[in-house]
Amino acid sequence: AGEGSGPVPGDGAGPPAPERGLFPPTFSVSEIKNKQRRHFMFLRWKQQQRKEKLALKKKRRKEREALGDKAPPKAVPKTIENQRVYDETTVDPNDEEVAFDEATDEFAPYFNRQTVPKILITTSDRPRGRTVRFCEQLATVIPNSHVYYRRGLALKRIIPQCIARDFTDLIVINEDRKIPNGLVLSHLPDGPTAHFRMSSVRLRKEIKRKGKEPTEHVPEVILNNFTTRLGHSIGRMFAALFPHDPQFIGRQVATFHNQRDYIFFRFHRYIFKSEKKVGIQELGPRFTLKLRSLQKGTFDSKFGEYEWIHKRREMDTSRRKFHL
């Protein structure tokens, strides 16, 4: 027998085992030296914990049912979101200063319906297959978007050509080791420009239980949890990619959901099961964005003026501090 091995409860050797699943108060799995037995006892301990938790939950539910209307309100569980550190730039919907700034910013012509979105989607120099397929699928999500692949042309030379051809936004998909890993979004002609880190990219064929190919209908756009001034700017950038009047007959919706400064993108179709029940069916693609910087004006890596830059050592000191 190896070091620490001994009679396993219930194998017929040693004293009779205690009732299955019960452990003494001072029991510690880490003190068991035999790896297999330690793992077995850990699983049994976890099972006991789940049973105790379920029994306590049932007991509390019965108590609440017995008390009826006199039952105390349910305790709100603590999460990172509801324990968030207050941000002084959080936007009040009735703030006149914010309303004035948004009425005169770079996106005002779009929100005043003076411009119609026209998007150019391009890539890093000489993209590989996965990035090419991602750009093609992204173009089916954003109406009136056009895909062009770069062949050694610098972004600073692309932007004047976009402005001359009446493009309102430029999207650049960067890749590393054949995998899309970055997104640059520049609003034309006067900016701003946002640089995102991209992760968790899933193409349509990689999504389980996906729906049929999306149609050409203009989708609805949902923007969740963009609450600060910086978040409002980013949300307005995403909104300006889509035409104003969604075609509800297409039942398609594009969602940008911000959670803990990670922006999750999903593209769904509504499935009406009955007059009262509705489900959603993911169409793809899906990806996650993390804002790295927001720059005034169009793309300029050398002399551009930055409104915001993500500095990990200074900004990520607290898990409850968010910027969007």
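Cβ from N, Cα, C; glycine included.
If you look up TrEMBL, you'll see 1-13 marked as compositional bias 'Gly residues'.
What TrEMBL lists as compositional bias 'Basic and acidic residues' is 63-72.
Confidence annotation: the domain 'Brix' (117-300) carries a mean pLDDT of 92 in the model. Residues or ranges marked as domain 'Brix' in TrEMBL: 117-300.
What TrEMBL records for 1-26 (among others) is region 'Disordered'.
Per TrEMBL, region 'Disordered' is recorded for 49-75 (among others).
Secondary structure of the compositional bias 'Basic and acidic residues' (63-72), assigned with DSSP and counted as helix (H, G, I), strand (E, B) and coil, comes to 8 helix, 0 strand, 2 coil.
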